[in-house]
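To start, the structure under review is shown below, and the notes come after it.
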Number of protein chains: 2
Amino acid sequence: MTQRGLLIVLSGPSGVGKGTVRKAIFEEEGVDFQYSISATTRQPRPGEVDGVDYFFISEEEFKNKINNGDMLEYAQYVNNYYGTPKSFIDQTLDSGRDVFLEIEVQGALQVKSKMPEGIYIFLTPPNLTNLRERLVGRGTDSQEVINKRVDAAREELKMMINYDYAVENDEVSKAVERIKAIITAERLRVGRVVEKTF
Amino acid sequence: MTQRGLLIVLSGPSGVGKGTVRKAIFEEEGVDFQYSISATTRQPRPGEVDGVDYFFISEEEFKNKINNGDMLEYAQYVNNYYGTPKSFIDQTLDSGRDVFLEIEVQGALQVKSKMPEGIYIFLTPPNLTNLRERLVGRGTDSQEVINKRVDAAREELKMMINYDYAVENDEVSKAVERIKAIITAERLRVGRVVEKTF
């Protein structure tokens, strides 16, 4: 029996560098994840290939998929729909291959509600740890500014608690190493090893 | 506030190579675990240092520690007691340092019942995965011998399900890398990162 692949979800606040980290992971030697391909109702741009860049589908087909529960998450931008089809991910995982999904926070939470077995990784901006101490130590900001920055960071980090792991993106190569360690460890979880052994 | 260290417990069937793997981990650069020091009632041998090789204590003191709940696990061999004192581990963890405990399976389960927050790693012999297929493929063993070997492996692996992770000891260096990845990943668990951030 083929062991089901892992669903790895990389998310985090906008501007944190999710895309850069994801690209760096895919360039690593020995990494063979299937990137989760989105579906969209917009027209392909020159050079874009159906089933590679996106699944290009009609609005009717998209709405059918929503109604059938085949969209793990979706959103509408400028009259076009974008979403993550569940069937593609399921088929890939069933074939034993791992799927990597890079997605913003709202989408990640929707995916998690439908596929809680995934590994949810939150990419954080650098230097969140001990933010207040460092701002105070720097001595350049007023108490009010410091409070505002700490409050903003706190709001951002409230999203973190819905995830399994938090990875600081201080350097792309370090973030990549951390994510690789997480995936290695998850493959060694006893439940997965027992499944593979018998 | 100092973040509490991790308790890392390495266990597995006898003969699997726990000691060798533990020694190799402690020789790794950048590893700064406190090795969990056992208490014993036996006399120190020449060269053995109290608080380094063992905590050498009297039988009365040992029994007091059992009664006070300060022995995470203990056993008696040849009229001497051996055990793992909880207070030493707690103090080390509270100081922010990680503690590494190498222990046989019975002891590990006792420790787990008292410190479930630890990370429990089961070291497995190589080649347990798909054992039956490989024995059949080899074509040298009778069906009866194959069944016996698979049953024996199955019994051994039943212990595994009490652990968080299973690491195959096919090569010491590979086992060490896997254990290091597990520890890296555990430090990135959201609960621990949130604790460190605020």
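Just so it is clear, glycine is given a Cβ too, placed from its N, Cα and C backbone atoms.
Nobody curates TrEMBL annotations by hand; they come from automatic prediction.
If you look up TrEMBL, you'll see B:5-184 marked as domain 'Guanylate kinase-like'.
There are 21 other CB atoms within 10 A of the CB of B:LYS18 (ATP binding site), with all protein chains counted. Under DSSP, B:LYS18 (ATP binding site) is assigned to a helix (H, G or I) in the three-state scheme. Feature annotation from TrEMBL assigns ATP binding site to B:GLY12, B:PRO13, B:SER14, B:GLY15, B:VAL16, B:GLY17, B:LYS18, B:GLY19.
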Cβ neighbours within the same chain of B:GLY15 (ATP binding site) - under 8 Å, at least six residues apart: B:PRO125
Listed binding-site residues (B:GLY12, B:PRO13, B:GLY17, B:GLY19), ranked by Cβ neighbours within 10 Å, top entry: B:GLY12
Neighbours of B:GLY12, B:PRO13, B:SER14, B:GLY15, B:VAL16, B:GLY17, B:LYS18, B:GLY19 excl. site residues, C-beta within 8 Å of centre, ATP: B:LEU123, B:ASN169
Integer average pLDDT (0 to 100) for the domain 'Guanylate kinase-like' (B:5-184): 91
